[in-house]
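S.K.: Pasting a structure below so you can have a look.
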Amino acid sequence: MKTKRWFVDVTDELSTNDPQIAQAAALLRENEVVAFPTETVYGLGANAKNTDAVKKIYEAKGRPSDNPLIVHIADISQLEDLTGPAPEKAKTLMKRFWPGALTLILPCKPDALSPRVTAGLETVAIRMPDHPLALALIRESGLPIAAPSANLSGKPSPTKAEHVAHDLDGRIAGIVDGGPTGIGVESTVLSCADDIPVLLRPGGITKEQIEAVIGPIHVDKGLSDQNEKPISPGMKYTHYAPTAPLAICEGSPERIQHLIQEYQQGGRRVGVLTTEEKAGVYSADYVKSCGRRAQLETVAAGLYDALRSFDENKVDFIIAESFPDTGVGLAIMNRLMKAAGGRVIR
């Protein structure tokens, strides 16, 4: 398959009349898959109502079939066809954070979507992205768009169109290149099924921001039973991982430097994931800063690009610094723990 690529100059006034967006939307209506930017990461979109289209997402990514997909909409009016009545707290969150990096788990209307989208569950993960290109594409298609991250399953999510092309060129119909994404980590996923909502995946909207609007929420610590069906994307399987094994070190820079030397003595090429403040401290074979520790939003924005760079530099082992698990740091540490497969050095 030849993957078509469009380059779109993104502005807030981006029109659905843009001929490149029209071409991409036409492919979506033909039940093909198209990658496009959102404010979080690039998504791999398909018609959420058509099972054949959704199947192509799973095939292109190599994604397990019990991992549900997030449905993207461009207007609140689309909810009426897809979900049952939303709880009041969900409505409050929509008013405050949509469009934005917040995905809500809501009851799904019977037969409203392909069962491949919900992985057989009675709920659906749904959000409205805060990106002019994404919104224009969804509106032009006239469809709800199922879209996980546009990467091979298990690999770091794409924040640039080049990342998408690296993983999926020849496997999908098209890539809409709208430049790098802003937030850099996926949306926050919140289940509103209970009286007290449950945070299933930390992301671009922080726990603190949500609680400032609706009061206390619970935090899901992750599924302990791997045979359970996940109700949200990103709750199961290793994610976001470069090729080389990665471990998080919660120790001091001196401890990390000692580990570097220890692994190098074994003949391994060692990489370190750090921040601008400490990039000059380590004598590893490859040192990569993903942002400023004093401004964790920059770390989130640069995280996946940094993880991908370790593959390009062919390291054998990666040591990552740890971060505070508050604010957007909770999302950063969630992604690093997934990438590390839970490996932590203290």
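Here the Cβ of each residue, glycine as well, is placed from N, Cα and C on the backbone.
From Swiss-Prot, for reference:
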{"type": "DOMAIN", "residues": "18-205", "note": "domain 'YrdC-like'"}
{"type": "BINDING", "residues": "T40, H72, R127, A147, S187", "note": "L-threonine binding site"}
{"type": "BINDING", "residues": "R63, N67, T123, S149, S157, R201, Y240", "note": "ATP binding site"}
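In terms of burial and nearby residues, how do these features look in this structure?
M.R.: Summed and averaged per residue, pLDDT over the domain 'YrdC-like' (18-205) gives 96.
Its Cβ taken as reference, H72 (L-threonine binding site) is surrounded by 29 other Cβ atoms within 10 Å in the chains shown.
Residues within less than 8 Å, Cβ to Cβ, of Y240 (ATP binding site) and separated from it by at least 6 positions along the same chain comprise G154, K155, P156, S157, Y304, L307, R335, L336, K338, A339. Under the DSSP three-state reduction, Y240 (ATP binding site) is assigned to coil, being neither helix nor strand.
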S.K.: Using C-alpha atoms only, work out the spacing between A147 (L-threonine binding site) and R63 (ATP binding site) and round it to an integer in Å.
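M.R.: Each residue's Cα considered, A147 (L-threonine binding site) and R63 (ATP binding site) end up 12 Å apart.
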S.K.: What is the maximum Cα to Cα distance, in Å and rounded to a whole number, among the residues T40, H72, R127, A147, S187 annotated as binding L-threonine?
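M.R.: Roughly 13 Å, rounded to the nearest whole number.
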S.K.: Spatially speaking, which of the binding-site residues T40, H72, S187 is closest to T123 (ATP binding site)? Use C-alpha to C-alpha, please.
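M.R.: Checked the binding-site residues T40, H72, S187; minimum Cα distance to T123 (ATP binding site) goes to H72.
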S.K.: Among all the protein chains here, how many other CB atoms are within 10 A of the CB of S149 (ATP binding site)?
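M.R.: Total other Cβ atoms inside 10 Å, all chains included: 30.
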